[in-house]
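Q: Sharing the features that TrEMBL gives for it:
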- Gly166, Arg167, Ser168, Ile232: NADP(+) binding site (BINDING)
- 6-121: domain 'Tetrahydrofolate dehydrogenase/cyclohydrolase catalytic' (DOMAIN)
- 140-288: domain 'Tetrahydrofolate dehydrogenase/cyclohydrolase NAD(P)-binding' (DOMAIN)
Amino acid sequence: MSAIIIDGKAFAAGLRERLTGAVAAFGASVGTAPGLAVVLVGEDPASQVYVRSKAKQTVEIGMRSIEHKLPASVSQRDLEDLVRRLNADDAVDGILVQLPLPPGLDATPVIALIDPFKDVDGLTDASAGRLASGRAGLVPCTPLGAMMLINSVLPDIAGAEAVVVGRSNLVGKPIAQLLLQQNATVTIAHSRTRDLAAVCRRADILVAAVGRPEMLGADHVKDGAVVIDVGINRIPAPDLGEGKTRLVGDVAFDAVVGKARAITPVPGGVGPMTIACLLRNTLTAARLRRGLADTAV
Ligand SMILES: Nc1nc2c(c(=O)[nH]1)N[C@@H](CN(C=O)c1ccc(C(=O)N[C@@H](CCC(=O)O)C(=O)O)cc1)CN2
């Protein structure tokens, strides 16, 4: 079988293009562009790259980018005070605190402080509750992007068997909720699941979100399954030269590509959708704060 390689980079570019038009229309009717505040604490190299891309793409589609960079030595209290100030700032429509935070800082109370109307990461309890009860709200960006890619090859998933491997609040649990909203039959598997391969082989839609390089192989995949790889793992690549690394997913792509009906690559699959969906959520938040309808983009 020759699998469709789902091109997340191209899909994200298309979404950004549609957002550019919608942001211009928003600006014309409201008189200001949506504003996204991103908080980066410390100097984690990957987080610095992601935050730079967020700011660049925000501006490229016509929105306002507000960046706050704090040293790793910032106190929990000062970080929480910044979130309070952003909540109160009318020029800010969306707030995102880049994760992970450096050791010594606790992300849970920081996220809990974010105004749910500005929660463009979809991580507050209010957003999680809305998602769990099937009400409209702000949905975490990576799961939202992963669902868009699933629907690009499977517009109707009612009755399909979906298996999500991983149960994080950022990815696994929200993806499971989104699949359920579309009437899939959903199983969440995790590190304590017995006979993981047999559970995964039931899946018409297999979502890998465990954070373990190439953990799922051909044994885990039913012929004709749609495989969505959310993992982004940097591993040593001595073949590329001393000290070099490469990105791989949670799925052993080469082993699985011959069995799947469609599969997302790493890089270039779900990853690029994360930032595109953050921009989408920022427009949604800006519209909802002003009582405007959140029409499709
Ligand atoms: N507050 C949050 N923190 C983090 C999130 C998040 O959604 N909210 N997600 C990740 C990091 N992330 C965005 O923040 C992110 C990850 C990956 C990509 C991406 O485009 N990946 C590319 C490869 C990039 C590379 O070469 O390293 C791909 O997969 O093709 C974008 C954003 C953790 N923190």
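Every residue, even glycine, has its Cβ placed from backbone N, Cα and C.
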Q: Can you list which of these binding-site residues (Gly166, Arg167, Ser168) have a Cβ closer than 6 Å to ligand 1?
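A: Close enough to ligand 1 is none of the binding-site residues.
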Q: Please give the greatest C-alpha separation between any two of the NADP(+)-binding residues Gly166, Arg167, Ser168, Ile232, in angstrom, as a whole number.
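A: In whole numbers, the farthest two Cα atoms are 16 Å apart.
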Q: Would you count the other C-beta atoms found within 10 angstroms of the C-beta of Gly166 (NADP(+) binding site) for me?
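A: The answer is 23.
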Q: For the domain 'Tetrahydrofolate dehydrogenase/cyclohydrolase NAD(P)-binding' (140-288), DSSP counts of helix, strand and coil?
A: 56 helix, 30 strand, 63 coil
Q: Over the domain 'Tetrahydrofolate dehydrogenase/cyclohydrolase catalytic' (6-121), what does the predicted model average in pLDDT?
A: 98
Q: Taking helix as H, G and I and strand as E and B in DSSP, count the residues of the domain 'Tetrahydrofolate dehydrogenase/cyclohydrolase catalytic' (6-121) in helix, strand and coil.
A: 62 helix, 18 strand, 36 coil
